[in-house]
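Engineer: TrEMBL lists 45-68, 80-102, 122-144, 164-183, 195-217, 229-247, 267-286, 293-309, 315-333 with the feature transmembrane segment.
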Amino acid sequence: MGSSATPSTAASAPGRRKVALYLALLTLQYGAQPLISKRFVRQEVIVTTLVLSIEVAKVICAVILLVAEGSLKKQFNNWSITRSLTASGLPAAIYALQNSLLQISYKNLDSLTFSILNQTKLLFTAFFTYLILGYVLVIPPIYILQCIDDAHDLMKQKQSPKQIFALTLLIAAAVLLSIGESSSKGSGGGNSDYILLYGIIPVTVASVLSGLASSLCQWASQVKKHTSYMMTIEMSFIGSMCLLASTSQSPDGEAIRKHGFFHEWTLLTVVPVLMNAVGGILVGLVTTYAGGGFVIVSALLVTALLQFIFDGKPPSLYCLIALPLVMTSIFIYQKYPYVDRKKKD
């Protein structure tokens, strides 16, 4: 039943020019997003309203693309609620929380520092992929049903020694930036605790959650044979339901009831919402057809350049040291994957 999706995926794979376009657009979106979110979203905007709006925009974008492909009817004919919940339920709830944490961090961290710290999700993705695809029993029981045979082949994934070294470089860069950001803010204005609580900790926890959710999505795409667009629709819908349920008790829910959904929104607030939504679609396409290493490295340079152009702020000494560490780490991690010598022979 699951294998029927494979030929269609191969048949619908885009050409090189289209993949290059996806890579270029995602690089620009990824590099500009922290700066645009910080400039266009007021501090008083309710975080939950931003995340909900992004999820709704993602669903609209994914449906439009399915209609353009002519595969909307086929996808929904093959859809089932049980399959949807087992594939997308848990990652959707995780991504909803992660997006809320990112919106908090956007407002309180330097754009380049945010982008570099956000790359620690590579470390956590590797860790959780090893746990989930290496030891299937750590997945909750509902996720094990109907997939033991397919998961058997995925249990052999490993990290090469060079990849482990690359992840070590990434940890060193993250620690360096965290210490540097806190100390510089503390000496400049005495608000190091605020930066730590509302900048560094949220983006770090978001990276952990991103790694977990990405691994679950990878499992769903490989084992459950879920397409990128359908996973986007399912996760956005389920994530929105989780956020709406949380508003009954959360401070954000109280603020929405008191001030209204679009409290402190402006027309410019729509720009980062739409960018984030389109970026979510592009991530799925790039992950499926290319790979994210080039995008991540290029996006960090775009962030540094835009921050200097629009804010007139050159990278700090800590960023200048951490940036090449992160770029080297990502290059090594993508370039030297684990190779099973027995299979090679």
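The backbone N, Cα and C atoms fix where each Cβ goes, glycine too.
Annotations in TrEMBL come from automatic prediction, not curation.
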Engineer: For the transmembrane segment (267-286) against the transmembrane segment (195-217), do we get 3 or more Cβ-Cβ pairs below 8 Å once near-sequence pairs (under 6 apart) are dropped?
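Structural biologist: No, since the transmembrane segment (267-286) and the transmembrane segment (195-217) share fewer than 3 Cβ pairs closer than 8 Å, they do not count as touching.
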Engineer: So if I exclude everything within five residues of the ends of the transmembrane segment (229-247), which remaining residues of that chain have a CB under 8 angstroms from its CBs? That is, six or more out.
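Structural biologist: Contacts with the transmembrane segment (229-247): 48, 51-52, 55-56, 58-59, 61-63, 65-66, 75, 79, 84-85, 87-89, 91-93, 95-96, 99-100, 217, 220-221, 253, 256, 280-281, 284.
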